Structures are given as structure tokens and as C-alpha cells.
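**Q** Dumping what Swiss-Prot says about this protein:
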- 283-314: coiled coil (COILED)
- 30-43: compositional bias 'Basic and acidic residues' (COMPBIAS)
- 432-459: compositional bias 'Pro residues' (COMPBIAS)
- 460-482: compositional bias 'Low complexity' (COMPBIAS)
- 504-523: compositional bias 'Pro residues' (COMPBIAS)
- K88: SUMO2 cross-link (CROSSLNK)
- 44-129: domain 'ELM2' (DOMAIN)
- 130-181: domain 'SANT 1' (DOMAIN)
- 327-378: domain 'SANT 2' (DOMAIN)
- S31: phosphoserine (MOD_RES)
- S35: phosphoserine (MOD_RES)
- S36: phosphoserine (MOD_RES)
- S63: phosphoserine (MOD_RES)
- S202: phosphoserine (MOD_RES)
- R479: asymmetric dimethylarginine (MOD_RES)
- 1-43: region 'Disordered' (REGION)
- 185-244: region 'Disordered' (REGION)
- 387-523: region 'Disordered' (REGION)
Amino acid sequence: MPSVMEKPSAGSGILSRSRAKTAPNGGQPHSEDDSSEEEHSHDSMIRVGTNYQAVIPECKPESPARYSNKELKGMLVWSPNHCVSDAKLDKYIAMAKEKHGYNIEQALGMLLWHKHDVEKSLADLANFTPFPDEWTVEDKVLFEQAFGFHGKCFQRIQQMLPDKVIPSLVKYYYSWKKTRSRTSVMDRQARRLGGRKDKEDSDELEEGRGAVSEGEPDTGDPKREPLPSRPLNARPGPGKKEVQISQYRHHPLRTRRRPPKGMYLSPEGLTAVSGSPDLANLTLRGLDSQLISLKRQVQSMKQTNSSLRQALEGGIDPLRPPEANTKFNSRWTTDEQLLAVQAIRRYGKDFGAIAEVIGNKTLTQVKTFFVSYRRRFNLEEVLQEWEAEQDGAPAAPVPTEEARRGAPVPATALEEDDEVQITSVSTSVPRSVPPAPPPPPPPTSLSQPPPLLRPPLPTAPTLLRQPPPLQQGRFLQPRLAPNQPPPPLIRPALAASRHSARPGPQPPPTLVGAPLEPPAPSL
């Protein structure tokens, strides 16, 4: 066969080559023509046989095992679709980035997972924590330390940063490398000062060595080695770095590396980590789980803050009570008149505030009421009291709880109050007024309502309500406490007697709104 016949020639060719190479060394003669012929025959040979054929595997049909043995291919992250517009896509990416911390690739992957349904993707963003692609301060410090130890060996750097992939490490390396050349003026000054200080220390060390060598020339000591002499014309080059490193050999504290700010090393932790090889991995896993839980808390806090921010943007309009659609009515009821007098006593001529207190009256209607009922309710005196309070006059003392509950008031205070009331009435009220029967004692369990509040309505209807008994005057009514204001709706006898035209007995004062009775015929 040709293959069998050609193989010895190939071997002889190889042997001839080796002989030709070893011939000059061994002194054996050789011929250049023979070697060229052998090389030509070796190159032109036909390579036939199993040694020169490729191994073709048998054909296998389609089966799941065929694809299981292959390497894991890349996963499709994003595929554009015409159903999602560019503006809508940009809005979705911005919302995913601001509210949930997703980057563009993660947000598009979520959108592709939900088949380009933006609403479902937005609802599902909060259910997942995005892979942390940001570099924290600890990650940056660890990267710098790992780069100082291992250089550009990113596989070893990844062992110190297991949550970072190698492409992310390479990307951060080049961005970090650009910032290394940027030094501020303060950094330059610090370097200069540090270089000067190191130079002074090295000079001091050299002087100390020279003094020792001059004072104690121990030439016979076998332990002491002579210092290597340096040539005078040494060029500054790679050896300069070695000189800088060697000058710190007598200062071990300067060569000691300290952990960055915020990180510390404890002997107990180092002992525990170096005790067993698995304990270090377990410790790192615990720290990773703790870091992941903290990041989840941060993400939940961000979501809570965003929801609260959305609630604040809505305003407080939904929380306001519904305003009742009050219809303005020009008719004044008894309760509204009472409330208006109390409001005048409280606000004076601030008719806008009085209209807001009443509720169903306009500013013009309140002004008309003040002009029309000025004499009827003696509003001038009410205004004088309000002006006296505004000028700084001492206000009436508020009755204590004991007086409200019906505690006995000292008799001297009541007698003085009654004397003042009688003298004030006697100077103004005519003598023709018949004496009124003593009023009934006030109930001890009841107390007057606070100002600007409507009095409680009786259980009976308004039409069937009976008027209260007639009273002689507000000055003769006993009070629970001194200087307590009188009821505002009782028509004063002073105003009635002053404005009455005909002499004779005058009718007693009546309540506002009560039906007027004709005077009894005089005998």
C-alpha cells in the first residue's frame, strides 16, 4: 500500500533532518541536495489513514438531551415592539428608575417578560428587588484594596467582591482609573509635605548611621555585612522605587496598612475566620444576607416615601368636611337674633365674621340687622362693652367649677353685688315701676352655654313653645358669680322707659319674639 510504503520515507526524512542538524556538531558530513529532496518528498506525500482523518460522531435525532449538554446561552433581555411608543417607554423607564431603583436593562427585561404590557410591568416592579449595580463606599474601598493586592487580575478581585460580575469590575476599573490622575491642590501639598518629611527622616537615619560607623568601626565583626556601594552616575529609573521602599524598613509603623475609615479588624474575628475554611464563607454569607435585608428595607422605605409623596401631591381637599349648601334667608329667627347679639358682643362691627358665625346671612343682611335692631337690643351698650375689652379693661372673671356646681358663695360678696345693682337701677329706673316679685332661685345644676354656641332647642315644636315668665330687669336677677353678663335677649326696662312717650305705668319687659299682649285697662 502507498501509505505503508510512504511511512518509512517520512521517518527517514525526519531522521535525515535530525542528522542534518546534528551533523555540524558531531562532525558528520551531509549533503544539502539530499536533505532538500527528502523535504520535498515529505511535503508532497498523501496523508491517508486514521491518524489524518477527523472523528465524525454518529447522527442523533432531536431529543431534549441534545440541548441539555450545551452551554447556557444568553437570555433575551429586550425586543422592541411597535405597540409601545417611545414616549410611553421613556416614561416607564423613568418611573422604574426613580421609584424602584431599576436600571434600563432590568426595566426593559421586566417589560419583555410581561409581553410589552406596561401596566402589568409597573404593577410587578415592586415585587422584586433589582440586582445591585451601584457601587457603595465599602465596595469602592474593597476594590481599591483588591486592586492593590492583585493588580488587574479581575478573577481574584471578584473573590473579594462576590456580588459583582467581571464586566462590572472592568467597567468600574476604567472609570476609577480616570479619577486617579485628578489630584487637587490640597493633595499635591500633602504629597509635598510628606515627601519633605520622609526626606528629613531618611537624612537623620543616614547621619545616625554615619556617626555609629565613625565612633565604632567594628570591621572585625563577622555578623556585620558591608553596605553595597552605589555608583555615582546611577540613572533614576526602576531602582528609585526600591530606594523609596527601603527607607521605611526601620519604621514598621509607616509600612503598616490600616483599614479604611469605618472598618476595623478584631483579633477575635480574625481567629474565628481563620479557624476553619468554611467559617469564612459562612460569615460572608451571613453578611451578604444582612446586606440584602438592609437593601430591601431601603427599597420598601423608598416605596413608602413615594406613596406618601403622591398622597401629599393630592392635597387636603379630600380630607376636608363637606360644606353644607346653606341657603341665605332674610328672615331672622329668635335663635339667629340671639346668636347675632352674642357675635356682636364677641366681634364688634366685624360683620364678615358675624355672617360666618350665623351661616345663612350675608354681610349686607348683618349690617341691616345692626341698624334695625340697634335700639331694640341696646346694641350700643354691647359695642361699648366690646370697645372696653379692646382698650384693655379687665374682663369679667370666669366662674369657677365650685360656683358652677352650686357651691355656696360668700354672703358678703352677694350683698355687695346686690347693693351695686340696686343703686345703679335706682338712679336710672323711674319710681313708677311697680316692684316685681322676687325671682326664683337659679338652678344649681345648670350652667350657661359658652359664647357663640346655639342654645339647645326644646323637645316641643317651635309653634307650641311657651314664652318664659316675665322678669322685671336684668340687674335684679341674682347671679352665680360677680360681674357675670346678663342674658342678651331681655329687653331692658331702661330703654323702654326712656323711649316711652306717655306717662303712667309701663308694661314689664318681654322677651324678643314673644306675642305682645294688650295692656290691661287701668281702673
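Cβ atoms here come from the backbone N, Cα and C positions, even for glycine.
As the structure is a computational prediction, the values presented were derived from the model and not from experiment.
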**Q** If I restrict to non-local contacts, at least six residues apart, and a C-beta distance under 8 angstroms, what lies near K88 (SUMO2 cross-link) in its own chain?
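**A** K88 (SUMO2 cross-link) has long-range Cβ partners V118.
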**Q** Going along the chain, which residues at least six beyond the ends of the coiled coil (283-314) come within the CB cut-off of under 8 Å?
**A** 98-101, 126, 129, 132, 162-163, 272-273
**Q** For a three-state summary based on DSSP, what are the helix, strand and coil counts in the domain 'ELM2' (44-129)?
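**A** The domain 'ELM2' (44-129) comes out at 41 helix, 0 strand, 45 coil.
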**Q** Please work out the mean pLDDT for the residues of the domain 'ELM2' (44-129).
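**A** Value for the domain 'ELM2' (44-129), mean pLDDT as a whole number: 82.
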**Q** Of the residues in the domain 'SANT 2' (327-378), how many are helix, strand and coil by DSSP?
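**A** Computed counts for the domain 'SANT 2' (327-378) are 32 helix, 0 strand, 20 coil.
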